[in-house]
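Visitor: In case it's useful when we look at the structure, here is the feature table from TrEMBL:
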type	residues	note
TRANSMEM	53-75	transmembrane segment
TRANSMEM	82-100	transmembrane segment
TRANSMEM	125-151	transmembrane segment
TRANSMEM	163-183	transmembrane segment
TRANSMEM	213-231	transmembrane segment
TRANSMEM	291-314	transmembrane segment
TRANSMEM	428-451	transmembrane segment
TRANSMEM	457-475	transmembrane segment
TRANSMEM	487-507	transmembrane segment
TRANSMEM	519-541	transmembrane segment
Amino acid sequence: MLDSDSVKEKPVENELLETLAPDDTVADTGNSAPIDGSPGGIGRCLGVFDCTMLIVGSIIGTGIFSTPSSILVSVGSVGASLMLWVLGFLLSFCGLFVWLEYGTMFPRSGGEKVYLEVVYKKPKYLVTVIFAMKAILLGFTASGCIVFANNILVAAGQPATRWVVRGIALGVIFFVTFLHGFAPRVGVHLMNVSPRVHDTVESPTTDLDQCLSLFKIAILIFIVISGWAVLSGKTDIADPHANFQHAFAGSSTRSNNYAAATFKVLNAYTGWSTVNYVLNDVKNPVRTLKIAGPLGLAICAVLYILANISYFAAATKEEIATAGVTVASLFFRKVFGRVAQRALSVFVALRCDDMCIFYVATTHSVLSHLQKRVGSESTVTALNNVITVTFAASRVNQELAKEGIPLPFGNRFWASNWPTGRSPLPGLIIHLIPSVIVIMAPPPQIVYPFILDVEGYPQQIINFFIVIGLFWLRYHKPSVIRPFKVWWPLAVFFLAAAVFLMIAPFLPPADGIGDTPPLPYYLYCLVGIGILLLGIVYWGIWRIVLPKAFGYYLTPRKETLADGTVVTVFSHAATD
């Protein structure tokens, strides 16, 4: 009888799984890490300032400019909304400390994929397949395209009707797909990256990234200072203090509403673990991680909370609740007029995929040689971020195929650079399909909050297993050197929050509808769980059911394709 552990294989294993097992007594604490922790790209080039700006740039995306409206709608009051932004910071801080312990124990690129594979080694390849399923099915750029469409329409002074928004979003994703598939050098130029990015080793961050992060900080500081001016009564806002009187009036009493809002807040804070995914390129990774992580997150948290106060000072509760994904532009219109509103809308549109960039960049960073080539380049040109995200996402899909993850029509095709030999159009197609489905399926007015929810729910499941794995390592590997240890109550609090966020969404909201009508309030939970379960089923069919049914075992080997791509291919060898 065959089971997952009896599937015979040659020594061509998933190197990551084989080399990540922690030594009982040694964990790298200096400027190098063993094997997979070896310096990446041009070496260890990222210092404290670089990593801090990398975290700030990853966190500050469209969330702070777009989500306050849906958060307010969920919880029902200004006071509850502000408290959730504080709670989101505390949860993110606890999560950061958990990731710090992992990152200082295993200072190598990869993030939670690495940590899960360290702890959950068996069944073999299960974690890899589940992670691949999540990366492929939730790696879409639909949310960025939707926000881009809405803000461009605001800037143009045109109504954001259903099919106009969908049409613009679809036009963006199809244009970028064909751009990277058939004119990759043009796509690279539009990302403001030298064409030699394909041929040479690049740094994972640039001076431009740092300048852009500083620019985003400056934008938020400008909003904060403007909010202070509004609160001082020196603007045309009639009663800037109105929202703060009886601030908790109308607060929801249903846990479902708070869970849905918390997903959106945490999505806005997403990016605090960015450095964990590029540790191979970090100078003195242990020290740098311990400084840059808390500093970057703290900067963003202070700006986020003060920016929300500014929003509530400038606009009424009702105006913010109906603003949708254009809250920041509403603020600029109320304080500075329509010209400033349109300028800000263009800025948000141009930065519309920051939240997706983090997800894709961190996923492709687990694949070290891809990380060396792609990095995290970004510019301020129009559509740059959608272009950048799609560029990176296609490489994620290609690298998953290279690892031997079984895909329809064989992973050779999906791992290839067909048809140009210079760009992975098959990987772009994998990215295109879920993006189109998500743009078209939900009603445009609720697609953005639905995407945030469906992306956030599976992450809480991952967080749960990450914390359980941390306690497992402490119990079973107590002699591993830990340069940083999270205070266990913080880890327990983070674990408890993950449990709450996994359970609460199934409890009915007050209106029985939730924040994504006409969709069932629990649908995003089922979608998130279904994606992870699909990974388990897919792995079971590949590793157990088919080998047992047809009497073969899997034999992996390396194979070089016509375009030079090296891919792991599993052959079927008959059992004795």
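Glycine residues also receive a Cβ, built from the backbone N, Cα and C atoms like all the rest.
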Visitor: Residues sitting near the transmembrane segment (519-541): Cβ under 8 Å, six or more positions beyond its termini, same chain?
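Guide: For the transmembrane segment (519-541), the list is 4, 123, 125-126, 129-134, 137-138, 256, 260, 406, 442, 446, 450, 453-458, 461, 505-506, 508-509, 512-513.
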Visitor: Determine whether the transmembrane segment (163-183) and the transmembrane segment (291-314) share at least three Cβ pairs under 8 Å, counting only pairs 6 or more apart in sequence.
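Guide: Touching, no - the transmembrane segment (163-183) and the transmembrane segment (291-314) miss the threshold of 3 or more Cβ pairs under 8 Å.
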Visitor: Have the transmembrane segment (291-314) and the transmembrane segment (487-507) got at least three CB pairs under 8 Å, pairs 6 or more apart in sequence?
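Guide: Taking Cβ pairs at least 6 residues apart, the transmembrane segment (487-507) and the transmembrane segment (291-314) are not in contact, as fewer than 3 fall under 8 Å.
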Visitor: Hey, would you say the transmembrane segment (428-451) packs against the transmembrane segment (125-151), going by three or more CB pairs under 8 A that are 6+ residues apart?
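Guide: Between the transmembrane segment (428-451) and the transmembrane segment (125-151), contact is present.
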